[in-house]
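Worksheet: one structure, shown below.
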Amino acid sequence: MKRLLPFLTELDAWVTELKPLKQMTLDSRQVDEGDLFVALKGHQVDGRRFIQKAIEQGAALVLAEADEGQDEIELDAKFAKYNLDRTACKVVLVPNLARILSEIAGAFYANPSEKLTLVGVTGTNGKTTSAQLLAQWHNLLGGKSAVMGTIGNGLYGKVQEAANTTGSAIEVQRNLADFVEMGADFCAMEVSSHGLAQYRAEALSYDLAVFTNLSRDHLDYHKTMEEYAQAKFRLFSELDTKAQVLNADDEVGREWLAKLPDAVAVSTDASFSSEHKFVKATDVSFSLQGVKIAFESSWGNGELNSRLIGAFNVNNLLTALAGLLVLGHDLPKLIETAPLLQGVAGRMECVVSQKNPQNRPLVLVDYAHTPDALEKALQAARLHTEGELYCIFGCGGDRDAGKRPMMAAIAEELADKVIATDDNPRTEDNAKIMADILNGFVQVEKVQVIHDREQAIKTAIEQANEKDVILIAGKGHEDYQIIGTTKHHFSDQETAAKYL
């Protein structure tokens, strides 16, 4: 409780009388005896509706977000009886609670970000791969890494599934505290635009902030690209970051580099020059075995050999290399361990036939679910294609509909054969989603529409030969499909392996 006093004594003097609190939560269903319940207004659900339930379940303290005007007065009156009874739960109205919650949670969990090396990775695409590569590489060099992000949270290789890329302000601080307790000395954390806009990754001590790229996504939330970019930039301009690594091949990255003179620039362009510290590729060659990257940097020159697939992984590898160099790792050891790096589940992941691998197409599963990511995935797959390139994709329901025709146009341009299928339709009519997708094709008659995702994958594998490549885009590591409000088990990898 003492750790909370700097934040709460000014709000209410009686806080000093409270017994030590056990846990901190935003979910009233998780409240146990002696816990601290935080009631935020929320974007969809007002958590203050559940204050009574939290109190009944044994909450020792409630922090409720204060509104302006009548609502605050009503809340104050409603819970005055609890605050008059010194033996009962206390309810404190806190102005701007959402904005300062990360700081309160940090104090509650003894500021765990100060006890390990924390790397925050943001960008539309490449967050997961870059974060996973950073953590994996750190482990190869003798460290003990944890990760937080799209694939899950936990020690590297032992993650638990997470609901959001960036959890709540409380979850982020609690996870970091757990990692410290488990002995982690490093954490690579994906920082989403939602998390930044909602102050969920706020009161953290970042040893390094990484920017991968910016392209269209989440405009159902941010409304404009400018608002989306500004949310991302907060990690570099407003939060506590000791060093920054930015992608200089990205237009927004170049704009931000001009504002951040001490940042490190990463480029895959051999002609790139800058006054910043840098890591750049000077020559890149692809093969069925992976990629070979000759590079120059402010730390020295060398060559990376990796089993990863695709041109965009060149940038991911160089980004991870730059980040670890900034953090003080030895360049020769990084080069030596690079061939041991493995790809990330659902990120250009190869599915190999266990029956007859020599006579089957190469099947790649990738999480690409934005126009930019699909373009990069198809370009990457083309580098390894001797015959025809198939693209199987769909678009999620109840999400940005504007990207659907854009993704269709990209698939038509870059693939030889396209099968449009269902992704996660959620509560939206899959026929409406498909109509939006088909609006993006010039020659609709050449597109196969197969709503059933398993049947779409089966059809492509039956049609393709051993020189062809099949890209199954959109779901990546996910092992479910959301139809209506229900999650059904479905894995692109399992389905492809079944028919190979």
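Each Cβ is built from the backbone N, Cα and C atoms, and glycine gets one as well.
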When Swiss-Prot is consulted, the range among 67-70, 355-358, 423-426, 491-494 described as motif 'Meso-diaminopimelate recognition motif' turns out to be 423-426
DSSP, reduced to three states, assigns Lys232 (N6-carboxylysine) to helix
My understanding is the cutoff is Cβ-Cβ under 8 Å with a sequence separation of 6 or more in the same chain; which residues meet that for Arg426 (meso-2,6-diaminopimelate binding site)? Gly396, Gly397, Asp398, Arg399, Ile482, Ile483, Gly484, Thr485
State the Cα to Cα distance, in Å, between Asp423 (meso-2,6-diaminopimelate binding site) and Asn125 (ATP binding site), rounded to an integer. 18
Whole-number mean pLDDT, the motif 'Meso-diaminopimelate recognition motif' (423-426), equals 97
If you measure Gly123 (ATP binding site) to Asn424 (meso-2,6-diaminopimelate binding site) at Cα, how many Å is it? 23
Tell me the Cα distance separating Lys232 (N6-carboxylysine) from Gly126 (ATP binding site), rounded to the nearest angstrom. 14
Under 8 Å Cβ to Cβ from Gly474 (meso-2,6-diaminopimelate binding site), same chain, six or more residues apart: give me those in sequence order, or none if nothing qualifies. Tyr367, Ala368, His369, Phe393, Gly394, Cys395, Gly396, Asp423
Candidates Lys232, Asn424, Pro425, Glu478 (recorded positions) - the one closest to Thr129 (ATP binding site) by CA: Glu478
